[in-house]
Number of protein chains: 2
Amino acid sequence: MKSDIEIAQEAKLLPIKQIAEGIGLTEDDIEPYGKYKAKISLDVYRRMQAQNKPDGKLILVTAISPTPAGEGKSTTTVGLGQALGRKLQGTGKTSMIALREPSLGPSFGMKGGAAGGGYSQVVPMEDINLHFTGDFHAITAAHNLLAALIDNHIHQGNPQRFDVRRIAWNRVLDVNDRALRQVVVGLGGVANGIPRESGFDITVASEVMAVLCLAADEADLKNRLRKIIVGYNVDKAPITVADLGAEGSMTVLLKDAIKPNLVQTLEHTPALVHGGPFANIAHGCNSVIATKMALKLADYVVTEAGFGADLGAEKFFHIKCRQAGLNPSAVVVVATVRALKMHGGVEKTDLATPNFEAVTRGLDNLSKHVENVQMFNMPVVVAVNKFPTDTPEEMAVISNWCAQYGIPVALSEVFTDGGAGGLELAEKVLDVVENRPGGLMFLYNLEDSIETKIDTIVREIYGGAGVQYAPKALTTLKKLQEMGLTHLPVCMAKTQYSFSDNPNLRGRPEGFTITIRELRISAGAGFVVAVTGEIMTMPGLPKQPAALSIDLLEDGKITGLF
Amino acid sequence: MKSDIEIAQEAKLLPIKQIAEGIGLTEDDIEPYGKYKAKISLDVYRRMQAQNKPDGKLILVTAISPTPAGEGKSTTTVGLGQALGRKLQGTGKTSMIALREPSLGPSFGMKGGAAGGGYSQVVPMEDINLHFTGDFHAITAAHNLLAALIDNHIHQGNPQRFDVRRIAWNRVLDVNDRALRQVVVGLGGVANGIPRESGFDITVASEVMAVLCLAADEADLKNRLRKIIVGYNVDKAPITVADLGAEGSMTVLLKDAIKPNLVQTLEHTPALVHGGPFANIAHGCNSVIATKMALKLADYVVTEAGFGADLGAEKFFHIKCRQAGLNPSAVVVVATVRALKMHGGVEKTDLATPNFEAVTRGLDNLSKHVENVQMFNMPVVVAVNKFPTDTPEEMAVISNWCAQYGIPVALSEVFTDGGAGGLELAEKVLDVVENRPGGLMFLYNLEDSIETKIDTIVREIYGGAGVQYAPKALTTLKKLQEMGLTHLPVCMAKTQYSFSDNPNLRGRPEGFTITIRELRISAGAGFVVAVTGEIMTMPGLPKQPAALSIDLLEDGKITGLF
């Protein structure tokens, strides 16, 4: 089979204005970026809202606890969108996709693209994985302008009395650069500011990214930016963006980044690809604005949440859906034979060897994820994302289990066959959406204490026995009470490979406790991050970075990317 | 009079495809970025070249030694382009402008925009001064990917045996951030790489910027990137981008940034705004590609070089024109009563007070600049850029002097009147272009030694008595011989406020010597930078940064910017 980039480069794309027309948008409604990408102004959303245009149905794609290679959530999301498009042909109904934007930096390390795969990709794939429409660069600029304003504030006389040891705002760059993780800035004498310890994160880890992805509109964006806590003064009181007066400039820098990006899939299904917050220290899904706009533009919208359902779906429901008032109609849980095998005790190197028993043992991971989604009162469809090494016996393990518990299940071959490989899945999803309306329920209330929220997630979603707090976390708990921020939802930062905080505990572990090492306050985004392990917010490059084999050929084609 | 941003916001722009049509480009020839900006593929240039489309005439706008406020070169460039458009109406001939892109960072400090001013601006002004089409962000990304690859190379085992004390590649950001000038990176233990001293420059100071602006096409871009020297090994031999294998990825990141950006002036004159290298440590003019493309698209192209003619025009001729084979037809030297007054000994605070005698004394600065341009065998037109405080007597000083020496001169009121205020200037320029063809001559040969080149510029252009070299510069001179790089042209980094290296020596100083503090090798760009003073490559923010008054209003308008 051809590589992702070969497939993407051979694709015949439709002009973006034609894609826009297909969802009822005129040429005036879109701002083209080249021939195959466009931004859609929020005015278009406001107009549709004023016209009381009804919302479409929202379908979330999530997954079991993944293997390091990933289980194909993005590919399934794109493939399902394409399959729905095929199913709906001639009905007058439309489908659309809402996805995160990939980060540029990791493309030059070792990670592949994040625009789907095989015959289920969003295109133009190279553009989407490189600068795209500049959203992440705008976030980088807004973030770093704030950083410069903080150091300038201190340098120029410091009316806010910053404690330079308690500045909570790093700088960011969209590059894998371990040497920037910990730095000392302000060296070289009086003209260069105050020396202090600091660091750089990758752009997707910026709170500005999380803010942009949760903002309802430009005014809400500015209001959230105002609330960001950038550090503490010598009396340990928080200093916010509003205290510095930086929110206006930051909003100006983000005025285009806030507009969703319209592209298409390989089968011309319209897709909004917008925003890309980290799935650990942030909530890990595309922007609220893109999801809400897609729901106005199409009858069925397929979207995705990062990591496994214990993290991605939980945060999608408790953070994104609650804030934005979204009510999804169905949840697809992607499972693979490979991942179940791993949860059944097989080593990473043996995943290609048929192992019926291991797949069977691994079912307990799938079952817990399915139960979890059902706890939110959401109907589940299991999608088995097929890999070439899967045997019919192994695949039957999953479908038999689903049949036994009455859970709709479908084989998905969207990687090799595009939308045609997802027709069964689309059918099951449509059936669930139309006939088993859910009605989202939350597992905790915002009025609960932070400890209760964490305890609820750990016990009910993870299946753990309890929670321990490191001293640093206890200090922040106290601070959250003082600051009156206990009403915020919790954003768990935990390994995606296990329900526990130990990545090696596969399957459905029990009796474990989760240790909260620290709590970070993302007051602008509007959540409290509960950190349960080492969270890497600036990746490094491997010994042989992809950057060394990427090239621009004489015919203008890119090679070596993915 | 209204502010620049008010005028720009009230402007009725034409759709960019209509601007493109006016210069013979179809909708397929351009890649729109929103409704009023577009990129033009290099294929369009290659097609016109294959068709043997003749080149238009090139007009350079430069200036006398400026005051800190600037003498209105960009405004004159835009205004002259507009005036030529008016003059040429009905003749079937067209005019166009080629300008640098402004840097984003300084917009949030205290500098105004760099897109002209008053009724002679390129628009959409806010976009051009903010992210525009993302070119500078792409340069930032390519530059910093290389930096990450260098540190990763060292961290992973260092086959090139970098001497970490001799790394010649900073990181860059498009922000005014003094705290980043000098930093220590790689702190925090083994996982975070090797600790070492480093720093950040502003993006326009990146050698990648200079490379992009001098590249003939994508292949030349890659070839120039290969040659960039990033540091030295333990045997003091240079290590290049090619040694690391980073040129392919960097070229991929720059594949769109290399395409010129088409916008329009307030009077719908087409303008290519592309590239923006520093005018001190680089050559300070827009990209070669944009200039050459404009010459294929229009009959008259007005372009600009940074700083005064001693720096901007000299480098434009010796570096840009020589490399690109450009032969300008006329040079406009912008003079102002204010600046001449300053050269005549008046303090910065007294420039609004009429002072006939000071203007007269200041003429010696203008005369030297005019003589210099004539040394390149280029015909000169003097443009007197009118300010409200100028008196008729003061302005007559300049026109009388020009008349005496047979130099065409015109009053320019393009700031207040747009193209209508530049008709006399346009007439004089057209006359010179058609009737006094120049034929560019260089003052030094590339085969001359570096010392001879510097000596020639200092004695002939600056009017100095000689050159001194600091020990550090002498070491690099030796290194340049060893490396076989003495054939490169010299890029002078000197104060723009004086012909000498002392900014306080106004007028036409004599008898001074220039001290070369250090020589920097920009092997990719293809020049040797001769540094004659403190060169600031990362600005800082002022006590009251513009960032604190910039805002996005509820109607979507930007306020406080310029």
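Indices start at 1 and increase along the chain as displayed.
Just so it is clear, glycine is given a Cβ too, placed from its N, Cα and C backbone atoms.
Please treat TrEMBL annotations as automatic predictions, because they have not gone through curation.
Every protein chain considered, the tally of other Cβ atoms within 10 Å of the Cβ of A:Ala69 (ATP binding site) stands at 13. As annotated by TrEMBL, ATP binding site applies to A:Thr67, A:Pro68, A:Ala69, A:Gly70, A:Glu71, A:Gly72, A:Lys73, A:Ser74.
A simple way to gauge crowding: the CB of A:Gly70 (ATP binding site) has 20 other CB atoms within 10 angstroms, across all the protein chains here. Excluding A:Thr67, A:Pro68, A:Ala69, A:Gly70, A:Glu71, A:Gly72, A:Lys73, A:Ser74, which define the ATP site, the same chain contributes A:Ala63, A:Pro66, A:Thr336, A:Ala339 within 8 Å (Cβ to the Cβ centroid), listed in sequence order. Secondary structure at A:Ser74 (ATP binding site), as computed by DSSP, is helix. When secondary structure is read from DSSP and collapsed to three states, A:Pro68 (ATP binding site) falls in the coil class. There are 9 other CB atoms within 10 A of the CB of A:Pro68 (ATP binding site), with all protein chains counted. Cβ neighbour density within 10 Å is lowest for A:Thr67 among the binding-site residues A:Thr67, A:Ser74.
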